[in-house]
Structures are given as structure tokens and as C-alpha cells.
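TrEMBL annotations:
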type	residues	note
BINDING	Gly10, His11, Ser12, Ser13, Cys14, Gly15, Lys16, Ser17, Thr18	ATP binding site
DOMAIN	6-215	domain 'Cytidylate kinase'
Amino acid sequence: MKKITIAIDGHSSCGKSTMAKDLAREVGYVYVDTGAMYRSVTLYALRNNLFNEDGSVKTAELEKEMPNIKISFKFNAEAGRPDTYLNGECVEKEIRSLEVSNHVSPIAAVPFVRSAMVAQQQQMGKDKGVVMDGRDIGTTVFPDAELKIFVTASAQVRAQRRFDELKAKGMPADFDDILKNVEERDYIDSHREVSPLRKADDAIELDNSNMTILEQKKWLLDHFMKCSEQ
Ligand code: DC
């Protein structure tokens, strides 16, 4: 069986990371959550007052700070997946808050942020054997990935999933706020100038609105087997 690169792209909260994480664990690949990297930069920007009153980014200040933002992942055996670290601090919980979700799109649209993150992601996946999830993995980070999946689901279904996730973690959640955030992020992610969210021509599309996690898992594993046996 040859080692391959798996790119999983799609809208926010459509279950990409659950699928990607499960597959990586099952087949012994490294899992990289690229959204966590943009979220970590956002957390840093929030903590260091790098947003203007209107929510736009203080780009000149952020550019100066980029060398001070170090993002890494460490495998958490208990959770069965990597935790995200920002300058040595585990920020796995903080980066999932609604405040970070509400500020991440403008950060992810900044060209120098994207080029820094893409360079790190290419480095992390250079030896293949990686499952990477995000928005531009199949189009920009690994355009030659052997298996590309584009996942989608309706905005209502995705907002409900994020609501359930936050509730389960005991974090504050309001369904209407979450739905608004999902819709706004869809719009910004697909309309930004640099690497907008779009399906790569050779990606396989999966609408999982009416699928269980188990069904998705099997679907993805079947594609992985076919692809890595070729
Ligand atoms: O997957 P997520 O919701 O954790 O992603 C957070 C934000 O980061 C999302 O608004 C889009 C952005 N993102 C991106 O622009 N490119 C990626 N490869 C991953 C995420």
C-alpha cells in the first residue's frame, strides 16, 4: 500500500475534522487541522489588540507580530487527536470559542497570514501519510494530493452540529448566533481574494447532511483503500 496525501476541504462545521481525525487514527496517518492554525493566529490577535473597532485586522501590526506566533500540535493520547499549541500553551479549548469563530475569517483572508500557514502545512505534509483538513488543501496546499474530498452540508445542519458540540463542552451557545456565524463565514470564505473556498476540479464531493458519522467513516475509508492501492 503506498503512502498518500489526503486533502479534506469544505464549509465550516460540516464534520470534516471528525472524518479526517477518524481516518488518520484508523490508518495511522498524521492529522493536521489547518483551521486550528488560523484560529490560533486569531486568538493571538484578540489577546494582543490587533483588531480595529469595526472587526477589521490591524494588518501592519499583525505582520510585525508574525515571527512571534508559533503554532504546533502535540498528540493527546486521551483525546486520540493532536492538541493545538500557541507559543507553547495548549489553546485547544480557547480557539473553539464563538469569539474566535467571529474573528477568524478576516484573519484567514490576510495574504501574509495565508502564505505563512501554507508554508508550515506543506512542511508538515512533505513526507505524505497525512490527512489535512481545511479550505484550500486540495487547491493550494497540496494540489497533487492523491485523494481530495470536498465536504458540504446545509447551513442549518452545520449550525446544529456546532451548537451541540459547544453544549456538550459546557460552553455558552445560542443557535441563531451560530447560524449567523456559519452563514457569514461561508460568504467570506468563498468570496475572499486569496485562496477562496472552492472545490478542486478533481475532488470528490460529499454532502453529508443526512449521513451518520459511521456512514461517513465507511465512505471515506473505502475511498482511501481504493486510492492507496492504485
Ligand atoms: O475549519 P474551521 O472552522 O476551524 O476554520 C476556521 C476558519 O479558518 C474558517 O473561517 C476558514 C479558515 N480556514 C481557511 O481559510 N483555510 C484553511 N485551510 C482552514 C481554515
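The backbone N, Cα and C atoms fix where each Cβ goes, and this holds for glycine too.
What you see is a predicted model, and the numbers here were worked out from it, not measured in a lab.
Everything TrEMBL records as a feature, shown here on the structure.
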| residue | record | Cβ within 10 Å |
| --- | --- | --- |
| Gly10 | ATP binding site | 27 |
| Ser12 | ATP binding site | 22 |
| Cys14 | ATP binding site | 26 |
| Lys16 | ATP binding site | 27 |
| Thr18 | ATP binding site | 17 |
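Close to ligand 1, meaning a Cβ under 6 Å from one of its atoms, is not one of the binding-site residues Gly10, Cys14, Lys16, Thr18. The ATP site is defined by Gly10, His11, Ser12, Ser13, Cys14, Gly15, Lys16, Ser17, Thr18, and by the 8 Å test on Cβ atoms against their centroid, the other residues of the chain that qualify are Asp133, Val151, Ala153, Arg158.
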